[in-house]
Each structure stands twice: as C-alpha cells, then as structure tokens.
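Colleague: Have a look at this one.
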C-alpha cells in the first residue's frame, strides 16, 4: 500500500486551487468548498472542517465541533430564506460522515489528511465548469466525474474509497446535482443578493507603538486593524523618507476582516522621528500615523470605560426597579423553554447556503 507520507507543506496543494488562481476569482464568479479531514486531530481541534469561498472571499465555515454551517464575515448580513443554513448544515454533516469514513481505509497507525475541493466557476458565457478534486497528505489523490457519477484515482485506496462512497446512492446523486445544477444556481444567487458584500471595502484603523528592545534600541510596531480586502502596503518613514517595511504579517481576524503588523528596530531616542505609512483601497488617500504616547492612549480609554460601566450599572438598576414596580420578572429569568439557548451567546452568527 503506497500511501504518501504526511507533509505539512504539501497540504497547500488544494489551497493553491482556491479562489485567486482561478480566472473567476477576479470577478467573484466562482463558488468553491474546501474540505479537510484529519485522522488524528489534536485535542480540541476539529477532525473535519470546511470553508466556503465566493471568488477570493470566504463566506461560510463549518467544523464537526460546532456541527453548524455558519456565514462568515460580511455574509452574516446576506438576506437568505430561513431554511437555507439548515439545509447547508444537513448536507455538510453528510459530507463529514463520508470523509471520516474514508480515513478509516488507511488504518490508525499513521496520521492522514484528506482534502477536497468542490464547486464551480462561471465562464464569460455563463457556462458552469464543475470541479471535484481530492488530495491525500498533500498529493493529488482522486476526482469525481459528475457525468459518470464515479470517484476514481490512480491509488488503490482511491478506488476503495470510491467504491465505499458509491454504496451510498444518495451521496452520488447529491454530488452530481450539486456540481451540475445547485452550484451555479447558488453562485448566481449569492452574486445577486450579496453584491454589496463582494464590493466590501473596510479601511484599517492604525496604531504605532514603541517598546524597549536590546540595550540602546527600541522596537516600533505598526498595526492595522479590521480591514478588508487583505491587500495592504505598510512601511516606515523616518523624517518623511522611506525607512523600510520591517518584519510582520497579515492574518485573518475570524470575522472576515484582517489584521496586519510590522516591527522595526530603531535607536533609542529616535522613536519620534518615525511614522507608519499605509496604503489600502479602503481610504481615499494613504494613511500616516505618528508614534502613540502611552500617557495619551491609556488615560482616556480607562476614563471612558469606567464612565460607560457606571452608566450601564445605573441604567440596569433603573430598568430592574421599573420592572419590579410593574410586577414583571427580572429580565434574566424571563426566558422559557426553547429560549433557554439564548442565555449563552454563540461565537458566530448563522444565516446563508445549500450543498
């Protein structure tokens, strides 16, 4: 049994096919689902997870720990029919079972990662091109042919998995229907209802701070918060002249926006000669931020926070007194039956899809 060894760097194979490499990515005319199943997940991490993409923009997330399909980023505001996310959740739970069943073919002696990329893109003539590719431990593994209705690949294990999956007639029919009909229909619906999300531009808020570094030096850190799209240029200026871009990164926030930072080591005493310059499609002009004064940044925030807490306390007390005078129960005991679930907020909101 020749199975590729797990190579973390190789798991980017299918990620390279995510929006950004397809022609459709530029105009958001692709809808792709990226599935990942792992045989031996670390404690507290999902064995199965999925992200849904409209062009270069993620709009959906799912994992077996929460077991609910949820809109991602700005797509929580997309107007959808009430059953849409329920259907998406049901379909993804079925897909989760198939992926985890497939991993059992390899046994439990080693770790395996099975990935799938399913979806479609629309060409200039609105003709849909389906995609259904799978990778094992970062190597191309098998494909699904929607016309023949079969999963197949060069590996013996791929054929074994294909036979297992084809024992579920509903799985074959759902895969064919999704790739040939549901996917392009759903894509067009998202393009129509979510046009504002696809054109979403959120300018960054900026901060430049200094902290002690090695003796005789300070470290300047320029941060850009909550911006979209992720493309952003950041550099340091010294007395108005370019002084390098420093070292940093751009990472997702988890709500669809991004966070970026860059650090530069400078001589102690020279900190106030530096500015941070940022260019992004959100603001009309590039942003320049000066070094933040610790005294200025902390006192107002603390004062505002304390004032806000006092205001909320007074308001809550007044509301409770009013309810008691009216003979009404306190708000935290007004929940009944199904409402009990609302007592604990969930990390994400729920709203749009179908698979």
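From the backbone N, Cα and C atoms, a Cβ is placed for every residue, glycine too.
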Colleague: Quick one: which of 11-16, 17-22, 293-298 does Swiss-Prot have down as region 'Connecting peptide'?
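Modeller: Residues 293-298 are the ones Swiss-Prot records as region 'Connecting peptide'.
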Colleague: Among the residue ranges 301-321, 322-342, I'd like the one that Swiss-Prot describes as transmembrane segment.
Modeller: 301-321
